[in-house]
Each structure stands twice: as structure tokens, then as C-alpha cells.
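Feature annotation from Swiss-Prot assigns transmembrane segment to 13-31, 36-58, 71-93, 97-114, 126-148, 158-180, 248-270, 285-307, 312-329.
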Amino acid sequence: MNTDNPKSHISRIAYPAIIVFLILTLLGSLVERFHPFTSWLTPPVALLMGLAYALIFGSTHRRANKLGSKVLLQYSVVGLGFGMNLGESLASGRDGMMFTIISVFGTLLLGWFIGRKILQMNRNTSALISAGTAICGGSAIAAVGPILKAEEHEMSVALGTVFLLNAVALFIFPSIGHWLALDQQQFGTWAAIAIHDTSSVVGAGSAYGEEALRVATTIKLTRALWIVPLTLVFSFVYKTKGAKRFPVPLFILFFIGAIILNTYLLEAYFPEVGRFVASLARKGLTLSLFFIGASLTKEVIASVGVRALLQGLFLWILISVGSLAFILLI
């Protein structure tokens, strides 16, 4: 960070001040009498605040943004498990399994055709965007990148494409859901299938309702487990060796453990504890979206490029419309 730039001096004050303000507002929202003053701070608003900060001040506090957007998000997702019941979650995951299988393989095939045959993109960038769209955004890209031996700029382009579309999805999906009068189950399923990254899926579900949040989170994290077979498929198709590990996101296992603990212990003996932890986790999720927005600088947006954005956009539209039509027809 350039200390001679006046913006850098302002950002050193503004950044922690904004975070403290957000934390106090979110904690205040846990108290019922403060709701009229705190209800405005929703996940989309937090993301928008982060975007505004990034566009004004640029790339500052990268370490804090990375910790907030990844670690805080993962802790928050685990915390959401303390508000879920195992039987209901298994039912949601089972209901969404067919959508998941069709959409994962369909997205990978469409991504290959659009990226390589129509847009004539290089192999790695096209494959990374397809993987990020098919599974769970940045996590899938990070898992597949080493297998493809992708260059740093190829990873950056794919991540930038996915993050930009995620930001858009967080704003427009709840509005479309209300316009189409989707119920909580329908919207949660649609968000989990059509939105790439876990953060935006959970954010959109939270904005739509508690049941939509539960359904979306369960289906999305079930979908995220496809990272393991995805890495195996990519290793076979692209004939690459030397991938040291097939990353199973550890927070997903903790999320499952939280659901089990809540179902068999907290719901029976300490129901208030589970509800409080889940409520606190939703606040943490909202805060993590500020960090994600603050990471989307002008440089990230500029790095994407037209063809990468077109592949991501075409895939996203096809998957969104196709999955929505399927949900409405069944």
C-alpha cells in the first residue's frame, strides 16, 4: 500500500472503522428492540458496501480480506449447522441430488463446448471457469488449478469471472424468486444449483428466508463434495500427475458434525444454544460478504476479459434458466 497516496491514509482509518460499525450493527440486530435500526444490514447490502470500498480505495488490506472472506465464511457455515435438523437436512440433500448430478456434468460439457469450440479460449482458463461454475466457485478453481498446472493469471481470470457473477447473483436472485413467487424450498434449491460460490448461495438464501437458507446450504455443501470426483476426472482427462491431495473442504465435515450435535443433543436439552449459535453465524456470514466485496477491486474486474466473462455468463444463464424451468415443472 502506497503511504504517499492520501487514499491510503484514509483507508487505514476507514477500513477498521467500517468493520467495527458492521460488527456493532450485526450484534445489535440480535437484540429485538434494536431491529428497527439494524434490519437494513442484509447480505446484499454488506456485499455492496465492500464493493464500494474496493472501487474507492482499491486493493488494501488483502490479508484481512482473505481471512474474512474465507475463514469467517467457513466458521459461519459451520455455525449454521447448529440451527439444522439431520433428518430434514438429509431430505433436502436427497431432493437436490438429481439436480446436482445433472447440473454438474451438464455444466462441464457446456463449458467445454462454449469455451473451447465457440469462444476459442485456452484450455486451462476455460476448464477453470467450467469447474468453478459446476461445483462451488473459488474452492473448485483452487482444487483444479494445480491439476491443470494453471498459470497464476489463468487462475485470476477464472476467479474474477466467478466472483463477479456471484456478486450479481446475490442481488438479482432473491428479486427474481419473489417475482416468480417461488416458495422457500424452490428458491433454496435453485440458488444452490445456479449460484457458484457458497458465500453467495448462503447470502441469497438468507435474504429470501430461513427455510430457503437451510435448503440452499444443505444442497450446496452436498454439491461441494463433488470436488473430490471432479479432481479425479480432471486428472484422468488432462493426463496430469503429481496432484498431492484431493481437497475435501474440512469445514463441510464440521458443518455435518454441527448438524448431528444439534439434532441429538442441543435440540433435546439446550435448544436456545443452537438457535443462538445459528443466529450468530448468519451475522458472521453477512460480515464475510463485506470482505468478499472489498476484494473485488478494479484490477480484478479488469483482469477478467471479454471471452472469459462471456463463457461464465453463458454458462450461468443456461444453468440458471434450465434449473429454474425444471424446478417449476416438477
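Including glycine, each Cβ sits where the backbone N, Cα and C put it.
Within its own chain, the transmembrane segment (312-329) has Cβ neighbours under 8 Å at 99, 103, 106-107, 110-111, 114, 129-130, 133, 161-162, 164-165, 169, 180, 182, 186, 189-190, 193-194, 196, counting only residues six or more beyond its boundaries. If you look at the transmembrane segment (248-270), the same-chain residues 6 or more away from its ends with a CB under 8 A from one of its CBs are 74-75, 77-87, 89, 139, 217, 221, 224-225, 227-228. Ranking 97-114, 126-148, 285-307 by CB pairs under 8 A with the transmembrane segment (36-58) puts 285-307 at the top. Sequence-remote contacts of a segment are chain residues at least 6 beyond its ends whose Cβ falls under 8 Å from one of its Cβ atoms, and for the transmembrane segment (71-93) they are 185, 188, 198-199, 202, 213-215, 217-219, 221-222, 249, 251, 254-264, 266-267, 273-275, 277-282, 284-285, 287-288, 291-292.
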